[in-house]
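K.L.:
Not my notes, these are from TrEMBL:
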DOMAIN    A:356-385  domain '4Fe-4S ferredoxin-type'
BINDING   A:Cys365, A:Cys368, A:Cys371, A:Cys414  [4Fe-4S] cluster 1 binding site
BINDING   A:Cys375, A:Cys404, A:Cys407, A:Cys410  [4Fe-4S] cluster 2 binding site
DOMAIN    A:397-424  domain '4Fe-4S ferredoxin-type'
Amino acid sequence: MFRTIFKGKSFSGGVKVPENKLTENESVEVFPAPKRAVLPLAQHIGAPCEPVVKRGDKVKTGQIIANSKAFVSAPIHASISGKVTGFIKTITPSSGKVVEAIVIDSDGEDEWERMEAMDLSAPRDELLKRIRDAGIVGLGGATFPTHVKLSPPKDKRIDTIILNGCECEPYVTSDHRVMLEEGEKVLLGLEVIKRILSCDNAIIAIEENKENAISHLRDLIKRKKISTEVVSLKTKYPQGAEKVLIKVLLNREVPLEGLPFDVGVIVQNVSTARAIYEAVFEGKALIRRVLTVTGMVKRPKNLLVRFGTSIESLIDHCGRMEGANEVITGGPMMGISLPVLDLPVTKDVNCILVKRSLRIEERDCIRCGSCVRACPMNLLPTELVKYIKAGMYERCSEYYIDDCMECGSCAYVCPAGIPIVQYIKVAKNEIRRRVKGGS
Amino acid sequence: MAVDKKLSLMPGPHIRKEVSIEKIMYLFSLALMLPAGASIFLFGRHALFIILTGVLSAVFTEYIAKRIRRQRFRMDGSALITGLLLALTLPPRLPLWMVALGAVFAIAVAKEAFGGLGYNIFNPALAGRAFLTACFPKEMTRWVLPFEAVTSPTPLNSGFVWHNGKIALYKHLFLGNVGGSLGETSALLILIAGFLLLALGIIDWRIPLCYIGTVALLTFSFGKDPLFHVLAGGLMFGAFFMATDYVTTPITGKGRIIFAAGAGVLTVMIRLFGGMPEGVCFSILLMNAFTPLIDRYVRPRPFGWRKTDEQKRGS
């Protein structure tokens with residue numbers, strides 16, 4: 001196991017951020033199924049779903065209520081049993097887009113509709129179909145439909161699977177708790193991934209601040225005699241970014257505008273692996289997830305929450321604190337702040353961070369170059385901002401704006417308080433709009 | 001769906017490093033207190049007056065310039081540093097009105113006329129010094145020995161003679177007991193202050209290392225004494241405090257290496273072949289002019305970049 005000597009391996013760029021993992025020792029608490037669930041029809045990257053139920057229909061927990069014929073899409077399931085009482089517009093907490101959502105009012109029964117349980121001997125296509133039918137998407141936050149990620153083009157040979165348990169965002173501990181409390185499920189989920197990709201070489205990557213998760217998974221692997229390696233990585237942001245992770249573990253660089261399968265790698269999040277386990281071995285659709293409620297709440301917690309539960313109810317459950325005026329879904333580095341709290345938990349919400357907002361004045365760049373050294377993609381963030389501010393969008397591609405993964409390291413270190421990522425996001429949208437406009 | 005007024009919507013990242021322009025500037029000025037203190041110790045009360053005049057005129061000029069430009073004046077510490085740096089590069093007996101004039105030029109012309117902090121091309125303090133050198137060549141080259149009012153050339157001047165052996169010369173140069181500008185004489189204190197700034201991560205090690213290294217290497221290959229050339233004159237001061245200015249030097253590591261090496265080459269050229277004994281000031285100013293060009297063409301290889309991506313860059 002030569003890779004174990006890579007303990008503490010790291011990458012160039014990135015930033016040291018205060019970890020603030022307040023909830024790392026809090027066992028996952030099951031949050032009761034809500035009286036009402038609001039389920040947006042687009043909770044993933046790809047085609048939004050069409051409802052397959054109508055107002056007044058009775059639905060069971062785990063029943064498909066919206067689906068799409070598109071390949072890059074994942075169905076939505078009822079997260080509680082009850083009656084469809086209507087369709088409303090809501091905002092998805094992570095994208096801020098206004099989308100349609102199905103409202104289900106609970107009958108209090110929580111009657112499940114399960115799929116047939118399978119095991120590893122099932123044919124590969126069946127396993128892939130099951131992952132799609134269960135509505136599984138990347139739970140690390142990207143929400144890319146998992147069955148698509150697990151179907152790389154025929155000409156791309158996959159030689160390594162990386163299971164991502166880095167969780168490099170401060171505050172967030174949901175993946176950490178999943179690894180500790182449901183390590184077996186994670187490992188069995190990984191076996192399904194291995195089987196689908198016919199690849200036996202797997203690495204579980206965990207930052208060294210989760211020592212107990214590392215040793216727990218190593219123990220399990222030894223006991224079960226699985227051929228998987230757990231690699232401890234230095235705690236540094238953004239260690240868990242796909243491209244960074246592949247570089248650190250395998251010294252391979254995903255090409256510009258390329259994807260991990262271009263270098264023979266598939267990366268999956270540990271919570272996604274757990275979801276795959278439940279879909280395959282227990283026949284359960286993805287209707288809930290572990291998320292962290294943390295920051296300025298009286299009792300920070302890790303909660304197992306049904307999708308469609310109101311974010312406000314989770315904050316109330318953990319105890320609101322005076323003085324907090326900002327709520328963020330996701331971690332503090334890449335998460336976004338919410339305009340309202342009456343929003344449903346969707347598949348990508350791994351953390352709800354309650355905090356007092358930072359008021360940062362934007363000043364002129366003093367060209368200190370901190371952002372240049374912090375950028376894990378080797379870009380020149382300050383130069384990008386210079387051209388964006390001047391409206392010279394055509395220069396942006398010359399400075400590889402599309403290679404920016406918006407990790408926020410640059411803005412984190414900026415002494416002039418320039419919201420660099422915000423500028424880059426706006427410019428990317430503008431460039432996309434211009435390209436679409438055909439000009 | 002109405003936006004909740006009590007919630008604030010902020011762009012990410014939602015946490016920021018404990019750093020600000022002020023913090024950097026004031027830590028930098030704090031480090032400069034070492035050579036400043038040394039200059040007062042070595043050259044007496046007039047050194048203190050020069051420093052105070054430099055700082056006050058710089059800050060006052062910045063205030064006036066901001067008023068004229070209808071911008072908000074803020075004590076961000078940058079004008080303070082300019083005044084301090086300018087003062088420390090001046091001869092110990094310079095009349096105070098000249099010091100003030102230099103500071104006015106530095107801030108009003110070299111900094112604010114170009115757009116203020118972040119937009120200036122030339123290092124304001126060095127521009128101020130160059131201006132004074134051009135206007136008052138006699139006063140700007142009148143040097144005295146520390147602790148006494150006796151005029152004496154700087155070690156780099158052709159009139160400089162030394163009889164007490166090399167080791168003693170190095171010792172004098174190291175401690176600062178030689179003629180020269182206020183802050184440049186004591187290599188020891190510059191090193192302490194410089195390493196402080198390096199440890200705090202405020203300045204980039206590449207610049208002093210490459211600048212001083214280039215000068216040592218070149219003077220050695222021209223058959224001169226490299227240690228003497230490193231310790232004498234304003235090289236150490238310039239390498240740690242002037243060539244490391246954020247605004248007027250490249251932003252990339254590679255760019256900074258090129259900048260520093262270029263300044264090193266120019267310094268040696270001026271010292272050995274030019275008409276002036278010292279070339280640090282002009283070499284840095286010249287390289288300042290190249291900074292935009294360096295930043296335009298010296299860029300890091302982006303992550304995942306391959307040879308085949310090369311065409312895209314040109315398009």
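Just so it is clear, glycine is given a Cβ too, placed from its N, Cα and C backbone atoms.
Mind mapping these onto the model and telling me what they sit next to?
P.N.:
Break the domain '4Fe-4S ferredoxin-type' (A:356-385) down by DSSP state and the numbers are 10 helix, 0 strand, 20 coil.
The Cβ neighbour count for A:Cys368 ([4Fe-4S] cluster 1 binding site), using a 10 Å radius over every protein chain in view, is 23.
In the structure as shown, the Cβ atom of A:Cys407 ([4Fe-4S] cluster 2 binding site) sits within 10 Å of 27 other Cβ atoms.
Confidence across the domain '4Fe-4S ferredoxin-type' (A:397-424), taken as the mean pLDDT and rounded to a whole number, stands at 95.
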K.L.:
If you take the centroid of the Cβ atoms of A:Cys365, A:Cys368, A:Cys371, A:Cys414, the listed [4Fe-4S] cluster 1 site, which other residues of that chain have their Cβ within 8 Å of it?
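P.N.:
Going along the sequence, the neighbours appear as A:Ile366, A:Arg367, A:Gly369, A:Ser370, A:Pro381, A:Thr382, A:Cys410, A:Val413, A:Pro415, A:Ala416, A:Ile418, A:Ile420.
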K.L.:
Filter the binding-site residues A:Cys365, A:Cys404, A:Cys410: retain a residue only if its CB is under 8 A from a CB of chain B. Output in sequence order; output 'none' if empty.
P.N.:
A:Cys365
K.L.:
Return the count of C-beta atoms lying within 10 angstroms of the C-beta of A:Cys375 ([4Fe-4S] cluster 2 binding site), excluding that atom itself.
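P.N.:
Taking every protein chain into account, the count is 28.
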K.L.:
Give the residue counts of the domain '4Fe-4S ferredoxin-type' (A:397-424) per reduced DSSP state, in the order helix, strand, coil.
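P.N.:
For that range the per-state counts are 15 helix, 0 strand, 13 coil.
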K.L.:
Any same-chain residues 6+ apart from A:Cys404 ([4Fe-4S] cluster 2 binding site) with CB under 8 Å of its CB? Would you list them in sequence order, or say none?
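P.N.:
Spatial neighbours, sequence-distant, of A:Cys404 ([4Fe-4S] cluster 2 binding site): A:Met377, A:Leu379, A:Pro381, A:Leu384, A:Val421, A:Ile424, A:Lys428.
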K.L.:
So of all those binding-site residues, A:Cys375, A:Cys407, A:Cys410, which one's Cα sits nearest to A:Cys368 ([4Fe-4S] cluster 1 binding site)?
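P.N.:
Closest candidate to A:Cys368 ([4Fe-4S] cluster 1 binding site), judged by Cα separation, is A:Cys410.
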K.L.:
Take the Cβ of A:Cys365 ([4Fe-4S] cluster 1 binding site) and count every other Cβ within 10 Å, whichever protein chain it belongs to.
P.N.:
26
